[in-house]
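Participant: Following this message is one structure expressed as structure tokens.
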Amino acid sequence: MKSLLLLTTLLIPLHLGMAWSAKYAVDCPEHCDNTECRSSLRCKRTVLDDCGCCQVCAAGPGETCYRTVSGMDGVKCGPGLKCHFYSEEDDFGDEFGVCKDCPYGTFGMDCKETCNCQSGICDRVTGRCLDFPFFQYAAAKSPSRTSASQTERDAASGDGNAVREEIGDRNAARPSVMKWLNPR
């Protein structure tokens, strides 16, 4: 009798743990039916809803996100983004935040995947390793001493007075009023 009680005590939390860890959502159907899903063609990016049945619109960088709201568009962050939650709740008592890029070295939904690239830099959405060809191009095109012609070397020699005078003339033509640039 004791062994049956012990076995039951051990198996019930295991079964409940698997059910709770699978997903947290309210009013999910027992079986998914794609005909019940709304169209997500107008969305820039999509994610699975909390039930794991339908594609819904995803929130983008800088947009508001919520902990969990079943079947609603634009409340979960898209791939390569993570919801950074605020300490307060909204008027309905729901936790909310803002979508931000995954930190370097992570990627995927909620930034749960780890980048295994040699450089440690990967695409935040797909996890594909990124290489920067401009560094390789610059190293391959390093100047050599024999590439400059005699006229280029002659033009580069001198005391530099002509260059200073030319820069001084350009600065004199500028107005002294500070110009404000629009932010990007």
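Glycine too: its Cβ is placed from the backbone N, Cα and C atoms.
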Participant: So, in Swiss-Prot, which cysteine from Cys65, Cys102 is disulfide-paired with Cys83?
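Facilitator: Checking Swiss-Prot: disulfide partner of Cys83 resolves to Cys65.
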Participant: According to Swiss-Prot, which candidate among Cys54, Cys57, Cys77, Cys99 shares a disulfide with Cys37?
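Facilitator: Disulfide mapping in Swiss-Prot sends Cys37 to Cys54.
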Participant: In Swiss-Prot, Cys53 sits in a disulfide bond; tell me which of Cys28, Cys32, Cys77 is on the other end.
Facilitator: Cys32
Participant: Quick one: which of Cys43, Cys77 does Swiss-Prot link to Cys57 by a disulfide?
Facilitator: Cys43
Participant: With reference to Swiss-Prot, specify which of the listed residues Cys77, Cys115, Cys117, Cys122 is paired with Cys99 by a disulfide.
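Facilitator: Among Cys77, Cys115, Cys117, Cys122, the cysteine that Swiss-Prot links to Cys99 by a disulfide bond is Cys77.
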Participant: Say which of Cys51, Cys102 is recorded by Swiss-Prot as the disulfide partner for Cys28.
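Facilitator: Going by Swiss-Prot, Cys28 is disulfide-bonded to Cys51.
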Participant: Including all protein chains displayed, how many Cβ atoms other than that of Cys65 (disulfide bond) lie within 10 Å of its Cβ?
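Facilitator: Taking every protein chain into account, the count is 24.
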Participant: I need the least crowded one of these disulfide-bonded residues (Cys28, Cys77), counting other C-beta atoms within 10 angstroms of each C-beta.
Facilitator: Cys28
Participant: Given the disulfide-bonded residues Cys28, Cys43, Cys77, Cys83, Cys99, which one's Cα is the least distant from that of Cys54 (disulfide bond)?
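Facilitator: The smallest Cα gap between Cys54 (disulfide bond) and any of the disulfide-bonded residues is with Cys28.
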